Structures are given as structure tokens and as C-alpha cells.
Amino acid sequence: MNRFTAYAALFFIFSLCSTAKEAGFQHPAFNFRGTSTMSALSGDYSAAPTPLYKSWALPSSLNLTTQPPPLLTDRSYYELVQALISKMRLDCQTVGDMTWRHLSEMLFASWNSVKEVSLKAASVTLWAIISIWFGLYWTLARLITLFLWTFSIEALCLILLGCITSLIYKGALSLSEHLPVFLFMSPLKIIWRAAFSKRNYKNEKAVEGYKGFSVPQKPPKSAVIELQHENGSHLGYANCIRLYSGENALVTAEHCLEGAFATSLKTGNRIPMSTFFPIFKSARNDISILVGPPNWEGLLSVKGAHFITADKIGKGPASFYTLEKGEWMCHSATIDGAHHQFVSVLCNTGPGYSGTGFWSSKNLLGVLKGFPLEEECNYNVMSVIPSIPGITSPNYVFESTAVKGRVFSDETVKELEREASEAVKKLARFKSLTGKNWANDYDSDEDYGLEKEAATNAPAEKTAQTNSAEKTAPSTSAEKTAPTNKPLNGRAAPPAKTNGNSDIPDAAISAPPMDKMVEQIITAMVGRINLSEIEEKIVSRVSQKALQKPKQNKRGRRGGKNKQNNLPPTSTQSISGAPKKKAVPQASGSAGISPATTTPAPKEKPSGGKNSAKFIPSWRIKQQDSAGQKPDLKLNSKA
């Protein structure tokens, strides 16, 4: 029954639609269009659909009659149902849009109100915390101020007592931390040093079974010097080395320093070792490195040699130098191995050899200590130079090849370096009882006193001394100016020998460098330079050289040089104002007194005759003792 009813209803609706279509209720001239969601949101709430007229269905312009719109009842059920559905959809959309708009406005207003209330609550809370905190500090400050104002003396006493109590507490805490360790380690250190460190050594011996040899030979760079007692008797030796800091120093055994004088065989000067400042000293290893007073290398005529530190010493042959009957002798030796913190050396030594250096080629390995008094120790021992960064080794670490036959182990090298660094720090922290160190005592230095006195009376005397020095020829002044050695600590060095005809005053010889004097000299020298004259002479000389014919180089002839100078001799004015040097005669004449210096004059040949002068004003006989064929005498006069 229900199925029949449904079929009947569908048939009825279909028949109505088809009847209306056939009857002409749906005219093709128009269609229905509903409003969209955007038109509803924009405010267009028209429910009825608007017809869309087709362009071809519009009435002709000639037809003036208009047909009235069809009635709603004349439409078909399909059109009515479509219009009803469109109307319901538009009304639902309108109601939904209005509801969503009202809900969003309400939510936005609620969010703003909640946000405003939260910000106000947070601000009130923060200001409450600030007020409470500031109130506590303000109250505390007022109480402290009131207390200090009322009880000033009592408050000051309490503050002082609090500071003292704090210091006492910190001192007691530090003492309680370090005192047990100190009390426990001190006896162990004493026992260790008594058992192992204080070994008995004797200062020289000949090794049984070792056959060495000796040859006359001077030390490299004259770096080995003799140490003497005050009465001039022999004491030992010291060695000059070049440190990594750039200065020279003396290395010797520590037991050779007391009452010793460094003596030079070349110059004969003596410098007491008490004037040397130790930068490293070790009584346990029996070695000292000392830096001397100013110009001590020149007084002793020594140069700094290279050396090898303890971590790079290997086994192999070596040599050492001694002084026998006023001549240096080189003796053979062999580096054998290690003996605790020393190096065992096979060599034959005798009394007075202490401090002499053992050399490998031109490198110093160490200094002689002596030999141990232990059983089965048939060798001498050598004190080595430890590696001290910045002094005996560079401050940086670099990679190098391993030493073949290395003497010391890594543990021994580290122990030597640790002891050396502690000794250097101890010397750096050293302060004498008077509060002054050797390097800071300028007032007792006689050289400093002479320099200070010469610096006070500089202005008037320096100009006259400068003029006189400029007028003196360099060769003459080199022969006549021999500076005297100043006394050192009350012991004067032997005076230098001169010919007695020195034209330069004493103050000019030992005048210290002063800024004002140098400025005055430079100003005077620059003022005397005539640049225009120099330019003219240069141009003339260059033009004459350019116009001169090239010389023919005749090779294979022996004898004198056949040169002809067609140019007239021109005397150019020296910048320093000194007159032109006179030509030195080539014939042998009376030899002058040799200057008191160990350094030869610059540009001076050690042997043979001097070169011919560039311009010879008159002919002279050439030197008779020259080798080769003697040419005929020729005249050479001025052009």
C-alpha cells in the first residue's frame, strides 16, 4: 500500500510538470536566478528570483504593446518548488550570517575585556612586589642610618672587629689546609736530599784505562777564559755562551765562583766575578749562568758560542780546553752516559780543570764538575745546561728529530727543567736586605757617575769637540784615539797605550749618547750641506764619464796596470766638513805606533801593500817586494 502510494505521488508530480510544460507555463523567454551568498552578506535580502531575459526573446521595437508578467499561480510546481528552496536557503544563510556576526562581536568583546583585566592584574601584582621590596630596603636603610647615627663609635668598632674576624678565619682556614702537608712533606724532603741529593764528589781525576790525546788549539770564538784567585794564581775556567734572550753570559761550575776573577790572556783585563749577576744558579747541579757588567765581552775579548741543553745531549766524542804554559791545549773526551743529573765523561783531568767546557765541534755541552766518590765510578761528571724557556731555550715548542744515543731520560729532563724554573723564579723574587738589587744600584757605579757628570756639562763643550773631531781625518783619529778602560769596583784595568798626540779631548772619548747633543750635531751637519753644488758636481762627473772612451780589457798580461786618467782630479767637499785625505805613499816608510785595540781598522788589508791612489799627482816607484814581472817606470802627471 505504501509503495503504491509513493508511486502514485511521483506519477502525479511528473504529470503536472509535463502538463505545465506542454501548456506553455514555462516560457523560454525567461529563467529564474537566485541571489548568491555574497549578495546576501552585502545586504541584498530579496527572496524572489529575478528573471533573465534572452536577447532574442525580447519584443521588437516596432511592437509597442507590453505583456504583463505572468501570475504566480500560472507558474509550474517545479518553478514554485525551486523558488521556495532558494528562498529557504537564502533565509538560512542570512540568519547564519547574522548569528556568526553577533557571536564574533561578543567573543571579541569578551577577549578584550579579559586581556584588559589580565594586564591590570599583572601591573598591580608587579607594583605590589616592587613596593614591598623597596619598602624592605627603605626600612632597612633607615634602621641602619638610625643605628649608625645613634651608636657611631660602637658601630665602627663592630665593623673593625668583623673585618679582623674575617681575616683570622681565612688565615686559619689556609693554615689548616697547608700546614699538615708541610709538616708531612718537610721531613721527607730532608731525608730525600740527605740520602740522594748530597752526593760526594771530588773535583778532578784521571780516568783509569782511558788514553786521550792533546793538541795545541785555541777554543772556538775564544769563548773559554781563565778564572784566577785574587793573587793571580789559577782557579778554574769559565765559558761564554750566547743566550736566547740575545745577550752573552758566562757558564762555569758553581764551586768556582767564590773569590774568582775572570781573566783574559789577550787584553790582560781582570773582572771580579762578584760583579756578574746570576740568572741561574744551582748548587745541587754545580752550575751557574751569569750576566756581566756593561762591555765585559770587550774587556775580556770573548764572543758568545752556541750550546746544547740537557735534553739534546747524546753520546759521542767531545773535547775540552785547558791552559798550559800560557798556551791553549785541546784534550779529547767521550760522552759516556748519565750519572743521576750529571753526564759521565771519559777524560783525563787534573786539579784546576773545574769549570772548563766540553765541546762538540763549536757547541758547548756542559762544564766539568769532577768525579763521584762512589765505587765502580771510573769516570768524570759534567754539569749540563738545563732548558729554561726564554734564556737557554726558545719560548715556543717546535718539532725536531730525536737525538741518537740520548743521555738523559724524559723523567730526568723534566726534573732538571723543574729545578731550573724554580731557581730562576727564586732569583727573580730575591730582594737584598737594603731593598736594592745589583742591577738597580746606579749611584755606586763609577761609569754611571762619569756619564751623569758628562751629561750635565754638555752644551758649550760639545760643539767645540764636534768641530775638532770633524777636522781630524778618520785614519788619524783611529790611530790616536784609544779609550782607557774604566775601573770596575775599585780595581782598575791596565791603561791603554797611545802615542801621546791625541787631538780629541777625554770627554769626547767617553761622551755618552745624548739626545740634545745628537740633535745639535745633525742640525749643524745638515745646515752645511750644499745640495746645489753637489748636484752640479754629480752632473759634471756623469757627463765626463759618459764622454770618456771605453777601456780595452787586456787579459793575459802580467805586471803593472796600464791605466791613463785623462780627467783632472776634482776635490769634492765632504758632507761632514773634513778636508780631503792625502795620498798615502806606497814606498815602505817608518811604521807608526800600532793602535791599542784588538780589532783591525776597517778596509785595512792584513798583509801586502795598499792599493794605488786614484789620482797620483806625481810619479812614484812601485813597491819593490811585489811578485811577478817588474814593468818599466812610467810617468803619470796631472792632465
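Here the Cβ of each residue, glycine as well, is placed from N, Cα and C on the backbone.
If you look up Swiss-Prot, you'll see 121-141 (among others) marked as transmembrane segment, on the strength of sequence analysis.
What Swiss-Prot lists as transmembrane segment is 144-164 (among others), and the listing cites sequence analysis. Tertiary proximity for the transmembrane segment (144-164), restricted to same-chain residues at least six positions away from its ends with a CB under 8 Å from its CB atoms, involves no residues.
Here Swiss-Prot flags 172-192 (among others) as transmembrane segment.
Counting every protein chain shown, 16 other Cβ atoms lie within 10 Å of the Cβ of His255 (active site, for protease activity). In the three-state DSSP scheme, His255 (active site, for protease activity) falls into the helix class. Per Swiss-Prot, the feature active site, for protease activity maps to His255 (among others); the stated evidence is sequence analysis.
Positions annotated as active site, for protease activity by Swiss-Prot: Asp286 (among others).
DSSP gives Ser354 (active site, for protease activity) a coil state; it is part of no helix or strand. Cβ neighbour count for Ser354 (active site, for protease activity) (all protein chains, 10 Å cutoff from its Cβ): 23. Residues or ranges marked as active site, for protease activity by Swiss-Prot on the basis of sequence analysis: Ser354 (among others).
Here Swiss-Prot flags 456-510 (among others) as region 'Disordered'.
Per Swiss-Prot, the feature compositional bias 'Polar residues' maps to 463-487 (among others).
Here Swiss-Prot flags 542-639 (among others) as region 'Disordered'.
What Swiss-Prot records for 551-561 is compositional bias 'Basic residues'.
The feature compositional bias 'Polar residues' is assigned by Swiss-Prot to 562-576 (among others).
Counting every protein chain shown, the Cβ of Asp286 (active site, for protease activity) has 25 other Cβ atoms within 10 Å.
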